[in-house]
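First up is the structure itself, then whatever we jot down about it.
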Amino acid sequence: MIWLLSYRLLNSLLVRSYFSPDEYWQSLEVAHKLVFGYGELTWEWTDAALRSIIHPSLFAIFYYILSLFNIDTPWLIAYGPRLLQGLILTITDYFIYKVSGKLGLTISVFSWFIFYAGIRTYSNSIELVLNSLALYLQVQEKYRLWNLVVGISCMVRPTAIIIWIPSYVYYLYKKTWRFAIETCFIGYFLYSVFCISIQILLDYLYFGRLTVSFYNFAQFNFFTGQAEFYSKQPWHWVCSEGLPVVLLSLLPLFGFGVWKSLNDLKTYSLLFSLLVISSSAHKEYRFLLPYFPHMIYVMTQAKSLIKSKWFYAFIGLQIPVALFLSLYHQVGPLATMDFLMSQSPTKIGFFINCHGTPFYSHIHKDIPMDFLQCKPL
């Protein structure tokens, strides 16, 4: 476990690139303003109330502890959360090992996409951790805790329920009525009511009014289709681009593993999730991140490929991609913020794509800052 912690801390320090705005604008910027009283919020955090405060609260607590001990230096404010996320990611590695064995752990450690995206402060990254824990609890048949973790996952990101829908349907039809009622109705219902109540309460305290953020989220992304403002991909994107990119050399393992485990509930759950994602016009690579515990399990079912000499090639090719994308590709935004952090600016204006850099979370100075807006509403 110590070497995993050390590896993920190193992983956190090696990633110097910029991926997408939500890494900062849906977490760190919100937490920074909540704790320090100044900052910039995107439209999701004002009138729209599209997000729950639950995920940013993790980093708000971290910031509060730093301020409490008077160690809230600009560097720790900017990069401390990434180190924290790296430590949390170790939980994913551990439970992938518990479910998929040493082979699964090897794939998790060498996966370029987990290395590149797992340590970022996305809600998807926390969802990845919770999914790995939930999958372990499901395999161990600890259904009460499983229901609770699924509920917490949905508090972080409402779409987290997608991958567990086939499991609930399976239990309703294949298990005894008593089991189905206890697990699917009583268990899930009670934990759902508990989690939703906590979420609504915390959001009420943050927004200052009664609002249901997961409904607002669903309305914007699915009911009205306004998420297409940010990007729109064809229905086949997951298969034609998403999976090939996030898996790269692991794609043969995944394809063969799916074929070998078609009768497995975990495989059905994964394929169902990919189908649901495909039905939405707005898709991003990071949306696939939470499904890696299931994908890695599926890959470990490709026994013949794993035993062949090609397995080492599949794994080895992940390394240069991870290092290049982490150390060299799109490093300008963070390098710019590091430079500004080291200076003593009195005012900053950004004339680039909106949300193209972090903001106050990487300056940690109460000075006027402005950028080009791009509100969809």
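Using the three backbone atoms N, Cα and C, a Cβ is placed for every residue, glycine included.
TrEMBL entries are annotated by machine, without manual review.
What you see is a predicted model, and the numbers here were worked out from it, not measured in a lab.
Listed in TrEMBL:
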- 53-71: transmembrane segment (TRANSMEM)
- 103-123: transmembrane segment (TRANSMEM)
- 143-173: transmembrane segment (TRANSMEM)
- 185-207: transmembrane segment (TRANSMEM)
- 242-262: transmembrane segment (TRANSMEM)
- 310-331: transmembrane segment (TRANSMEM)
Point to revise | the transmembrane segment (103-123) touching the transmembrane segment (242-262) per 3+ Cβ pairs under 8 Å rule | key: yes
Given 103-123, 185-207, 310-331, the one sharing the most C-beta pairs under 8 Å with the transmembrane segment (53-71) is 185-207
Self-check item: In contact by Cβ distance (the transmembrane segment (310-331), the transmembrane segment (103-123); 3 or more pairs under 8 Å)
Solution: yes
Long-range CB partners for the transmembrane segment (185-207) (under 8 A, at least six residues beyond its ends), listed in sequence order, are 34, 49, 52-54, 57, 143-144, 147-148, 150-152, 154-155, 168, 213-214
